[in-house]
Amino acid sequence: MPQQNRAKKTETAVYISPFYNSPPGLQAKQSLNSSSSIPIYNSYKLNSNLPILLFSFLSLIGLAQQFSKNLVLRKLWLVFYFVLLSQIMDVLAMSIIGALNGYSFKHNAPYIFAFFCNLMLWHSMRRKKKNLINLLRKLGKLCPATYNKRTNIMVLILFSFPFMYSVSSILVLNITKNLLFYTYGHNMKGLTLQASVVRIKKFLLFLVHCTFPSLVVVLFCYLCLRCSSCFNCLTRKVLHYSPEEFRPSEQIDILRQKAKIDDIIEELQNIFSLPSFFMIVSNLFVCSSILGIILTGIHSELIIVNAVFFCIPNLICIIVVLWVAGGLPVEQHKLKGAYYKRAHSRFLIVMTSEKPQYKKEILDKPDFELNGLAVLFCYLCLRCSFCFNCLTRKVLQYPPEDFGHFEQIDVLRQKAKIDDILENLQNVFTLSSFFAIISHLFSCCSVISKIGYQSMFMLVSAAVYGIPNLLAIIIVLWVARELLMEQNKLKEAFYKTAHSRFLIVMPPDEPQCKREILEKSIFVLNGCSIFQNTRNSILTLVWKLLIFAFIIYQIQITLKKKKSIEYSTASSISMYRKS
């Protein structure tokens, strides 16, 4: 691999990614000193670049202050730390004063817990700041910077939210009535001074409570997208080779580049494992608090503003983290599939010179996984399962002595055709089946919301709408699982027959490079082994939130109906007694 030219600190360096050095058709250059990025240096060379606003945020919270020449900027993180602690004390003081004046403390308890989660989020990020800088340097060496302009726009929008929230809160808040709550019981003269105090406190509250974890989400998503682009470039490089050109030297080059990306992903998971847990818990507590206040029947203008500015951005942050983190396994699967396809095609074409182990050819293929769900998918899955079943029975018919070179090649070629069908099937039905399963889930949730009604019409509609949708989901999952079972049966049959032949007639044995890439475990952001972030988790999250909301709403309606019935019964009895 060619060495990269070193650039001085004051020079404009042109970065050439190792992904583009071969083949020639995939070469691309990236200028490091662009208008939307800021360089990160070490003592010798220009290593990586970040969006300007994102780099400013890292400097503000104390994760990149060592790159600032000004001593004041290096100590700027102390201001953020003071603001974070002051907001925690401020919310505690206002909650205590509100409890003494008759307000419920349980409404502010989730906010206080979310503040402590944000404090632990910042502390865990500070502990890993050296690892984060090393990660940025490695990532800058490996692939060019992408998504800089989009990231800058997103950071700018997030920084504008505190101003918008403070102004909106002032417009809907009765300052004279709620002033003592914000000034710890002290009276202040002058409407302008009162509005300024409330606006500043609202601004700092939103900045620490919502903007800070949202910017951490942007940082994590930016790094994940950079890694995904590295995998994508590597996948395109693999697909650019023809089967004859995909020699062992090219395979080793691909494996070396993937090993570097794997090191970056492991470090990324090490850095963001604990912060991701506190970030998701904080967002869930804020969303649950706002949802609980709304479901209790409080519908003031201030509650609506809080719901718009707190609940919606936090829920979007959770979904974005799940979606972007789930993109990494998707890109890894694409790279595995492309590598397997090229190596397997070379094995089927050039099979006399490379002497592979045949049973590894079928055992190394990644299993087919159902990313989307659809009822139309069942028929095609059953057909593919039947093909796998026929191929399994064909393998089991061979005695070990007869399961020779040409018979194994024939089975592998037939399985390669079925794998191509499954890949095309997945590409066709992934997006449409996602919307189909969302439709089924919403129908089931609407049925759950009608459980409290006692009318025959509601019961019939619940049975008509709920049972078919629930059965559709169960059938699709069952059929998709049957396809995976048939694949495993074929693997076991092939391994059993080939291994029996190996014990009787010793075949040529030579290790293959592609096992190195296919045995690597897939990246999963575990969040301290509690949250497993894949894109399919979005369905589970949305489903649980909707069911939770509908159940609480239904309980509330049922209680109101009982109270109204009791009140009407009591009033009718009292009127009867008076008459």
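From the backbone N, Cα and C atoms, a Cβ is placed for every residue, glycine too.
Any TrEMBL annotation is an automated prediction that lacks curation.
Here TrEMBL flags 76-97 (among others) as transmembrane segment.
Same-chain residues lying 6 or more positions outside the transmembrane segment (109-125) and placing a CB less than 8 Å from one of its CB atoms are 61, 63, 80-81, 84-85, 87-88, 91-92, 95, 132, 208-209, 212-213, 216, 271, 274-275, 278-279, 281-282, 285-286, 288-289. Per TrEMBL, the feature transmembrane segment maps to 109-125 (among others).
Sequence annotations record features per position, and here TrEMBL assigns transmembrane segment to 153-175 (among others). Same-chain neighbours of the transmembrane segment (153-175): 51, 53-54, 57, 191, 194-195, 198-200, 202-204, 206-207, 210-211, 214-215, 218, 301-302, 304-305, 309, 313, counting only residues six or more beyond its ends whose CB sits under 8 Å from a CB of the stretch.
Annotation comment: TrEMBL describes 203-225 (among others) as transmembrane segment. Long-range contacts of the transmembrane segment (203-225) within its own chain (CB-CB distance under 8 A, at least 6 residues past either end) are made by residues 51, 54, 57-58, 61, 83-84, 86-87, 90-91, 111, 114-115, 118, 121-122, 125, 135, 139, 146-147, 151, 154-155, 158-159, 161-163, 165-166, 268, 272, 275-276, 279, 282-283, 286, 309-310, 313-314, 317, 320-321, 324-325, 327-328.
What TrEMBL lists as transmembrane segment is 277-298 (among others).
TrEMBL lists 304-326 (among others) with the feature transmembrane segment.
What TrEMBL records for 428-449 (among others) is transmembrane segment.
Residues or ranges marked as transmembrane segment by TrEMBL: 456-480 (among others).
Here TrEMBL flags 541-559 (among others) as transmembrane segment.
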